[in-house]
Structures are given as structure tokens and as C-alpha cells.
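The repeat 'PPR' feature in TrEMBL is assigned to 92-126, 193-227, 270-300, 301-335. The domain 'DYW' annotation in TrEMBL covers 516-608.
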Amino acid sequence: MRPEQAPNIASQSAALSSLNPAALRRGVALLRTCNSLPRVKPIHALCIRRGVPLGHPGLAKHLLFAIVSLASDDDDPMPYASAVFARVPVPGVFAYNTMIRGYAESPRPLPALDVHRFMLAAAVPPAGHTYPFLLKACAKLLSLRDGERVHCRAVKDGNDTSLFVRNTLVHLYSVCGVLEIAHKMFDEMPQRSLVSWNSVLNGYAINGKPNEVLTLFKEMMIMTNRKDAPHVEPDGFTMVSLLCACAEMGALGLGRRAHAYLFKRGFNLDTHVGNALIDLYAKCGSVTEAYKAFDEMDERTVVSWTSLIHGLAVNGFGEQSLDLFHEMERESLVPTGITLIGVLYACSHCGLVDEGFKYFNRMTKDYGIAPKIDHYGCMVDLLGRAGLVERAHDYIDNMPVEPNAVIWRTLLGACAVHKSLAIGEVAWAKLVNMDPGHCGDYVLLSNLYAAVGQWGTVHNLRRSMLDGGVKKKPGCGLVELRNCVYEFVMGDRSHAESNQIYDLLEVIATRLRLEGYVPCTSNVLADIEEEEKETALNYHSERLAIAFSLLKTTPGTPIRIVKNLRVCADCHLVTKLISKVYEREIIVRDRTRFHHFRDAFCSCKDYW
């Protein structure tokens, strides 16, 4: 609503002098029984024809409520609601609140803040129901500053203590990433509803805090079973947050138990839950179960197809991913820009350079999707993985959008793999200006210098990292066993069974040498003896996790590892050989993709 649409009292109050009370009562009664938005306008027209003034507040408040309440996803009720509201000489708090609610629930929530300003200017005191929808609008806008202003106003008016306001405040601070304040407000709530729990769980889930989601969910279940606490049963929204956390951590066992709970409660029929299940199984490397979750959905949206297309692509099944995209097209579903990212990703990890450019060109030609920076990044990755580093550099120089740090980092990573020093230094110079102090860039450049044997430059670079306070992110491997997630870092001896783990690593090394294994030490970032390099490689985080899994699981059981960094060439080779020697399927999810190892082969076909 624009300022010029604010109610004009002087020009409209005279219109209320004549009124047909029977027509008003009849119109209100009809509006209360109305069940669709298209039926509202004829009722409105009937009231006007029978003598009810356009701006009568008694009709307007019921009319506004009907317009906002009966809107569907295909309707935008707010232009109509705004036209009705603008004719009311003296709107009451109910009318203002209805307009705020309508905008807050619409795709364009910003005018809700304008209505609130008009409300204050008209000296209409906000009520308790004003603030939840105002805060919801701020959350949708991700406007922390506006949310804080509304929060302060709610405190001033004494409306900050209601459960509804507290819930929306927790939601606001959660989606804006201010998790400390969100959790503090949650902890201070004298009574927590299911909405309270869902708000803070969702906040941790969308901000990449899976450990906190799991911890909070356990606390929720403990509270649920306590007799002295309000009974709160998880619903579909709760379980989506839990599934997202399981997917992030690769906690397949816990995710399966959550799936069983969903099935028992009937939540598995929900489309959002179905999409989360596809994402869970895909991110845990269980493509078969992801397909099954997809097949069992009663209603599949574009998001459902997109989730499986992405899942197949990151698991190394690029051709199946493209086949699924073609099937989606045959279903006459229109892909989104995110869908095409999955398609381009599939091409990138399978080396399908020409096909990748074909799909990229079809974005605009067939679907009218303007490529965004993420799509251009996929194309740079496509060329870089194929070893076409110079072509990738030229592509960046000729992009119609300004390349960001991610694109230059992708090029630097390709240079490190393919030993292209000159272009790598160009990419590094760009990154120093755009994102200085990023530890990953230092590591990539170190890998590049190490690959070409410039050890003096490697040492200088490492020294500049220390002088600049840049800390390298330690490699971390996660494995889930018997309802627990175990974490290992390089050289980790903190585990209670470290002695057995390290003893097994020595046994593994001996058996692999008998298979002809020769360590790949080129990326050990130190100019030390080969024997020392081999020792350093032997204690990488994923090897510790694999050894632990071999110790604690029965023969033949698949091993699933989640790694926060990209798998190095030597660990990739070792894992292939372990899968053969110990007759195990090993699924490793690293920072960029999945590797499915079996019988000394990897699903990536060594194209990574």
C-alpha cells in the first residue's frame, strides 16, 4: 500500500450517513459463509447496490478478512484489499491488522511495514495480534534491522510477552542467523509450544548447525516424555528440520529412524517431507532409497524432481541424472534455475563438456531462464575439471556478469589439479583482492606450487599464512555407528580406541603394498623425506574413520564417511584398494561430491 492510498477521512465520512442496515447484515452473513475469493466481489457489489456505502467500516472489516483469508497461491488479493482499505474513513485496529497479515503472507511483505507506520501515524494503538504478522514480514524480508525496531516497539507497548509474539521473534532471529539471541529467547520462554520448538530447530537447520538440531531434538523428546512438562509431539515441520540435520551430517541411521517415525504418524504423505527424504538419502549416498522416496510420493513437485536430479549428480550418476531431467520434461514440468544447476553439475562431474554447453544454451532459449552467477560457475567448473584451464579462464573474462570469488576459486582449484601455474597465479591475485584471508585459497595455491615442485614458494606461503593469522581448516571425517556420530581429525589420538585404530592402519598399509600400492605424496605440503610424507598421509581423517569402521562393524557392511574437505589423490587410491582387499563398499562424501568405492573402482571413474 502506498502513502497516497491511506484513508481520506474528510472526503469519505459523508458517505456513511445513508445506510441500509438489512443489506449490511445480509452482506456480512454472506461473507461469513463465502468459501472462495472469486465469490467475494459479487457479494461486495450486491451490498453497494443495496445501499451500503463503499467505505462503511462494518462491511470493510469483514470484507478485508474474507479477501485475505480466502486467497490461494494463484491469487494476489492485496490490490483488491488495498482498494477497499483506502476507502475506509477511520479504520480500526482489526482492519489494520488484517492488512498487515495479508501483506505478511503475500509474496511482497514489505508494505506490511508501511501499514504499520500509517497505523501509528493515525494514533491507532497496535494490539497483540499486530506484532506476530509484522515480525513474520520482517523474517520473510530477512530484515533484521526492521525486526529489531518492531521488537522494541512490542516491548514498549507491553506486547512482547505473549506466546505468539515470542514464537515469531524466535523465528525472526533464527532465519536472520542471530542464533544466540533466538536460543536465548527460546530458553526464557515460560511455556513452549510446538511452534517454539520448530522455529529454533529450523533456524539451526537452515544455518548449517546440524549438531545443534540433533541436541535440541533430543531435548524436545525428553520434555515430551516428562509428566511435569507440556506435551509436545513433533510434526512434519519438526521432522523436516531433523531430516535436514541428518542429511548434513550423513547420519543415515538416524534419518532412517526418523523416516520410520514419519511413516507411523502419516507425515510421509506431505510433499515437503517427501522432498526432505529424497535430500536425506541422496546426501547420505543411498541413491536407491532416494529413488524409493521419490517413487512413493503421491504428488511430485518441481522441487521433488530437482532434489533427485541433484542427488544423482552429486553421487556420480550423471547419465541417470540427465535421463531423469528428460523424463521431467516429458511430464511437461518446467524446470527452474536450480534444476538446471543440477543438470550442469551432472555434466561437469561426468566430463560431458559439449552436453553441458547445450543445456546451458537451452536455459534461455527453451525456458526463458536468465543464467545467474551459479550457472556460470558450473560452466567454469565443467571446463576446469576437463583440464581446459585456458578455455575456462577465457570464459571468465568474457562472462556478462562480474565473476565472484567462488568462480576464481574454482579456477584456482582446477589449476592445482592440472598444474597450470600461470593461470593459477592470476586467479590467486583476483582472490587476494576479493576475499583476502580465505584459508582454502592458500591451500589450493600451496597444492599448485607443491605440484610443480616449488617448495621454497610453498614455505613462504605457509609463513605468510601464519603471519596473517590465517588458520587452515583441519580435515575432519565423520562416521555414524549405532546411533552415534564419531568425528576424526588428521592424526587424532583422542579416541578411546586410538591404539587399535593405529595398529589396524599399519596392517592396512602392509596389505595394500602387497597389492602394489605406491603412495602419492605430491600434495603433502612439506619438503620432507618420502617416508615422513607416507606417514602423514596414513593418518588422514578419512583413513582413521575407515579403520574405526572396519574395527566396529561386521564384514560386508557398507562404510559411510563424511569429509569436510576434498579427498586427496592418495586417499582416493587407498580407499579404492581397501574396498577390494576388505570386500567392503565404501561411500565417501567429500566437499564437492560422493565417491562410491567397490572392488577397487570408484563411481567417479577417477574423473574428479
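From the backbone N, Cα and C atoms, a Cβ is placed for every residue, glycine too.
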Residue distribution over DSSP helix, strand and coil in the repeat 'PPR' (301-335): 26 helix, 0 strand, 9 coil
DSSP-assigned states of the repeat 'PPR' (92-126) in counts, ordered helix, strand, coil: 23 helix, 0 strand, 12 coil
Number of helical, extended and coil residues in the domain 'DYW' (516-608), per DSSP: 34 helix, 16 strand, 43 coil
